[in-house]
Each structure stands twice: as C-alpha cells, then as structure tokens.
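So that we are looking at the same thing, I have put the structure below in structure tokens.
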Amino acid sequence: ALEPLSVGLAIGVASALTGYLSYPRFYCSYVECCPRAGQRLNATALKAQLDNRLFGQHLAKDVVLKAVLGFSNNPSPKKPLMLSLHGWAGTGKNFLSQILAEQVHPAGLRSKFVHLFLATLHFPHHDQVKLYKEQLQNWIRGNVSACPSSVFIFDEMDKMHPGVIDAIKPFLDYYEEVDGVSYRKAIFIFLSNAGGDLINKAALDFWASGKRREDIQLKDLEPLLSVGVFNNKNSGLWHSSIIDRNLIDYFVPFLPLEQRHVKMCVRAEMAARGYAVDEKIVQEVADEMTYFPKEQRIYSDKGCKTVQAKLDIHEDF
C-alpha cells in the first residue's frame, strides 16, 4: 500500500502540473486563443507592415491606422469597427485586410477567429437571400460568442445580392448586447470594386489640375463614395440600411496605382522570391502592364494584380 505522504505528494504534483498546463500563457502558446480583454494592437508593428507592404495608398494607410488603433485603445467602444474599402482590383484592398487580420490574430486568414466571406461563393443564388441572411446571423452570433474580437471580411461586395448584408445590421448598431452577446469588440470589413470609377475620376482630376495624389484627402472622396455606393444597383450596399443608419465608420478609398507603384510591387515580389532586385526586369514587368488613360498612360488598370504572373515569365533571370 502507498504511504499517505506518497499519495499526497503525487496528488500535489499532479495538481501543480495540471494548473501549469492550463495556465493561459502556456496553453495559448500551443493552441490559438482569443485575445484577452484589454489587449491592444502593436501600433509600431501595424504601421511598419502598412509602410513596407502597401504601396501608393497614403489615404488608406492613414485612415485605417488611426481607426484601428483608436478602436483597439478604447476600453469600451460603443459599436463594432466597420470599414468599407473601395477601389479597382489590384490596388491593395485584400492586402490591407490581410495585414489587419494578422495584427489582430497572428494566424491571419488561417485563424479560427478571422472569417472571410466571398459573395460569389457563399451567397451565389439571388432566390436564397432569406436563407443567407439567417445563416449569416447565426454564423456571426456563434463566432462572436466564442471570441468577442472576431474579424469578419466580406469580399466582392459589388457582387453581393442586395439585402443580404442588411442581416448584420443589428450587430453593427449601437447596442450594448444583442440577445445576450456583445459585438462591440468585433471588426467588420467590406471589400468592393464599387466606387472605383468615382475614385479614379477624382484622382485624374487632381492630376489634370497639377496637384499631387498625396494632396487628396478623405474629405475629397468619402462623401462621393457613400452616396455613390448607396445608389449603385450593382452594389451589395444598394439602399442598404447599414449606410442609411450611418453604421459604416469609414469609406476608405484606394487610389489607382501609377507605374512607380507597380515597380514597388515588382521589387517586393522579387525580394519575396529570394531574388536580387534587377531594375531592368522591374522596368520590363512594369512596361508590360496596361495603363489609362490610353494616351497619357498614368494609372495601371489592374493595379498590381498581375505582377506575379508577369514576373513568372522572367524566372530565367
């Protein structure tokens, strides 16, 4: 038979070990955990990521950096953070949403607390809007219950069937709780090509008047975007109650990229592949892109979207 002292010692060691293994910091070093209440974003890291990885978007970087850090530093926000990113393909909307997701949850898009919805994949049928709205509400309710700082990214908003996205309106509003769940620490991000033409026209007007693109301010574009998207029948936000109730905190414009920005993308891609940057190749890839207006060739009509594919044909360097 075991001595009482031996039994007590064994129980004590087991209890201590169990307690150590269940200690949050130890446990969360092996299993992804939801960030602790009051945990703030690393402002320096977020700014560095935006500066080093997102090119030609001074407005988007400035607005998102201030909005996200202000939201993170607020111990008691009145509503979730709602950002709507607009611009043509290849200008960096997906890239910025990925950077932001990685700063909130290190696993980024692979995190179980980051949820990406694609309009054409998750909501394809116009006759199923009612079902989609119910499923969307249940999905968001369940995930925010599991992690208050969940991130929800809705891509292809310009292809979303009107009415679907209004299902999340109760979660974005100024409610302390909805059915016992608080959504005030969550982040919602819309990505859309809608409004891209308005942004491009404004950028061209600035260029034609001799002004620098860096002089374009949010106040020059945000009112155009909010009205334009609300009245755009080809937008998932057409006559949306989310806009009508002013629940989108920022309409973030992504400007068309110039050739110098395309070159930055090429250099970054070469470095990511482990190649030495060859300026001759950089210029060749940039020259292979198409630009508008046709005569002046100021802006890339695909942004940096096809840089990877263009660089592939230069692999022999």
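Backbone N, Cα and C define each Cβ position, glycine as well.
Among the features that TrEMBL reports, ATP binding site is placed at Gly87, Trp88, Ala89, Gly90, Thr91, Gly92, Lys93, Asn94. Annotation source TrEMBL lists domain 'Torsin-1A C-terminal' at 257-312.
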Counting across all protein chains present, how many other Cβ atoms fall within 10 Å of the Cβ of Thr91 (ATP binding site)?
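I get 32 for this one.
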How many neighbouring Cβ atoms, not counting its own, are there within 10 Å of the Cβ of Gly90 (ATP binding site)?
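The answer is 22.
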Give the number of CB atoms, excluding that of Asn94 (ATP binding site) itself, located within 10 Å of its CB.
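The Cβ of Asn94 (ATP binding site) has 17 Cβ neighbours within 10 Å.
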Measure the Cβ-based neighbour count of Gly87 (ATP binding site), defined as the other Cβ atoms within 10 Å of its Cβ.
27
What are the non-local neighbours of Gly92 (ATP binding site), defined as same-chain residues 6+ apart in sequence with CB under 8 A from its CB?
Leu54, Phe55, Gly56, Gln57, Ala60, Phe254, Gly303, Cys304
Setting Gly87, Trp88, Ala89, Gly90, Thr91, Gly92, Lys93, Asn94 aside, what same-chain residues sit with their Cβ within 8 Å of the center of the Cβ atoms that define the ATP site, listed in sequence order?
Phe95, Asn193, Phe254, Gly303, Lys305
How many other Cβ atoms sit within 10 Å of the Cβ of Trp88 (ATP binding site)?
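For Trp88 (ATP binding site), the 10 Å Cβ neighbour count is 22.
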Judged by the number of other CB atoms within 10 angstroms, which among Ala89, Lys93 is the least packed of the binding-site residues?
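Lowest Cβ count within 10 Å among the binding-site residues (Ala89, Lys93) is Ala89.
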